[in-house]
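Chemist: One structure, as structure tokens, below. Some questions next.
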């Protein structure tokens, strides 16, 4: 019996010519590296650039002469670019690119740190790492909410609203009950409430999901803003002074240099966020629930014909997404600040960008969120050392990266095939 | 149904075959009546009930998740899990199951291949494997051969025979008479939602066709030999890429003369679509020329090409041919809405449009409740007639018809074919592209076979099917030298076995009489 029954109809791929995607990336990296070595090298001073392993100027530090460092790391970045241009094996691509980009950033930092005024010409790595994670945290929760929703075929533009509602109800019920745990549960329910509305209108009434998401964001801003003014501001002591989760130190791990103080002396939200990334990633790709979720997001009719309950699964996942985002919102009000009007301030939309940048995968979303968080933290840091670069320029970086990602310049980005398409039986 | 029986369900499009089977599979709920399995009434609330009752179905449009592997697709909905409540997938077991089933029924598939990378014929196999791993006793195949090459169809029939030998019952839905006669044990004919008769496979094709449409139809296209005139369409050295920037048409030369039908045969995806789209100005021409009646037209906009006297029946009517939400009348003037008498300046002339619609509905026998009904409410055959009516209502130099009768009932096929031939007889150059070999053979005066973006051979209409089938698989008489084109069964198998995997099993590649739709009478 023949086995290769069909003449393989695929036509041979056209020769892409010399300029493959790898080579283009390499060329760009090479140019960046050369630019860094020349420009940053010239601008850097001969002062030492200190990267301290603590939160202060003192203590152990990594030091390098500013000019030397800027040129050295620039050359490394250029070399990585040249390697890509010359052609490295495919599995080395990501690593080489990563090394190149990190070296470029280091070259930049050598210039900035060495050029900073005396007394401020050091970079406390603990602060940078910790700040990156703190700023990334709402993005991590938000992007995970996006993953849960969109992998199952419902576009979640309402992340912002879910975060905000979570932050609000966490603050309100945490204050009234005086318990952080009650606040946490209330935050999850608050986020779930917004996503339940999304689910009902998107799945049951087939309303356009993007439009619905935007409306829900406005609704969340309106409702929480109203209650903030009418309730919280009248008696802030009673309604807007939620207890806060303290920091939990993890034995042994907390003593690792840099990482220990930055990561393992954090609050519950930090641990929960990282744990959720891991759990959702494994669940999505290794379990029955994950297989069914992905099938519903890709080809709901196929899932239906093998007995998967498409609509039920969508409801469940969308509501779960709301709970995750709600907890993310509480990472503000049950750990850092009291509630203020519209306090999420667009982080939900950046989370959406992180979701896309991370290609709809939980670990990808984590990396994207950390990248955005780092850019944000760097902007703050450069402001503090009185850098000549406007902080707005750095704050712009995440969005620029997202546009490049969505335009398909950083590999192919492919959304779940049925994302945003309502499923109508029959 | 009885165990180990192949039961063919025959009917025109829209006769209710697929609906019936969807009810049987639990996708639709019956308004009345009941289903009996082993004498007991069965209530199906959803596909899972059907699967539990031992009913499996291979849908016309495959129900496979393209980005999943074969094993993932097979296990979806019936996952083997470990780790208790967490439900971790047991992939090893799923792979083993796929391997076992494909071994047992001779349906070899690679469990780790990603479905979207597989050819259609293999995807169908995955569907069958998927059903078999669920231990079904009754397998419903909904129009399984619509997307297959003649060779793949032969293989499918072989698979069906081996399933039958293993005691599985099969319901085989189709509107192709040849296949039914080749494989079925019993035939039920459905028309307009009612059983109109049962027949044995020894019934003649004409009898079956008459049952299907309720009157007798001609199955062969009646036509006089063509009288080719001057060349109208000349394509030379044409190179075109597909949407993925992959070369799809790789240096095609062809000529279509006035008053002849050039048929283009080939397995889908060998560049036919891109060739036509390039001629129509829908796709950039990378190299080569296209001339229409002596005038170079490559690089022209589609509108200009249409106005130069080209009629175009696109291959996918629901995507490219019609605006489904528009009325029949509006769809009938899509190409000339901006010209008198239908429009002037910025305004349309609804009266003129309505009047012409009425005429053409009558002329082309379009069955619709009214000219104002949305075209989506029409059956597939009548939608296709709307397109044909629109395209043939202007004076043409060239008619390009791609898959003109795909998914169309026998009555409409007959009608459309006769209109195409009439167009030829008034001196229009006609190019017909079809994956239905019978259609190409029936209509064409010359047949060009496309394979991997090239015209691999041009033959006359009286060439044996087997020879064209081999060309479609990329085997020219030269490469098959020694085997000889006159010995299709044995000879072809030896050469084809290695190159294309044509059914190499004795009997599977049996000559003409079993080929779908080749015999004129029983």
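Glycine is no exception: its Cβ is also placed from the backbone N, Cα and C atoms.
A quick note: this is a predicted structure, and the numbers were derived from the prediction, not measured.
Below are the features I grabbed from TrEMBL:
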TRANSMEM  A:27-46  transmembrane segment
TRANSMEM  A:67-86  transmembrane segment
TRANSMEM  A:92-113  transmembrane segment
TRANSMEM  A:125-148  transmembrane segment
TRANSMEM  A:154-173  transmembrane segment
TRANSMEM  A:180-203  transmembrane segment
TRANSMEM  A:209-228  transmembrane segment
TRANSMEM  A:268-285  transmembrane segment
TRANSMEM  A:318-337  transmembrane segment
TRANSMEM  A:349-373  transmembrane segment
TRANSMEM  A:393-411  transmembrane segment
Chemist: Examine the transmembrane segment (A:180-203) against the transmembrane segment (A:318-337) and state whether at least 3 Cβ pairs sit under 8 A, considering only residue pairs 6 or more apart.
Modeler: yes
Chemist: Which bits of the chain, at least 6 residues beyond where the transmembrane segment (A:154-173) starts or stops, bring a Cβ under 8 A of a Cβ in it?
Modeler: 138, 141-143, 145-146, 182-191, 193-195, 198-199, 202-203, 209-210, 212-214, 216-221, 223-224, 227-228, 231-232, 239-240, 242, 314, 317-318, 321-322, 325-330, 332-334, 338-339, 342-344, 346-349, 351-352, 419-420
Chemist: Answer yes if the transmembrane segment (A:318-337) and the transmembrane segment (A:27-46) have at least three CB pairs under 8 Å among residue pairs 6 or more apart in sequence, and no otherwise.
Modeler: no
Chemist: Can you tell me which recorded stretch out of A:27-46, A:67-86, A:209-228, A:268-285 has the most Cβ pairs within less than 8 Å of the transmembrane segment (A:125-148)?
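Modeler: Comparing A:27-46, A:67-86, A:209-228, A:268-285: A:268-285 has the most Cβ pairs near the transmembrane segment (A:125-148).
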Chemist: Cβ under 8 Å, sequence separation of at least 6 from the ends of the transmembrane segment (A:209-228): give me the contacting residues as numbers and ranges.
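Modeler: Hits for the transmembrane segment (A:209-228): 154-158, 160-162, 164-165, 167-168, 172, 194, 197-198, 201-202, 240, 339-342, 348, 420, 422.
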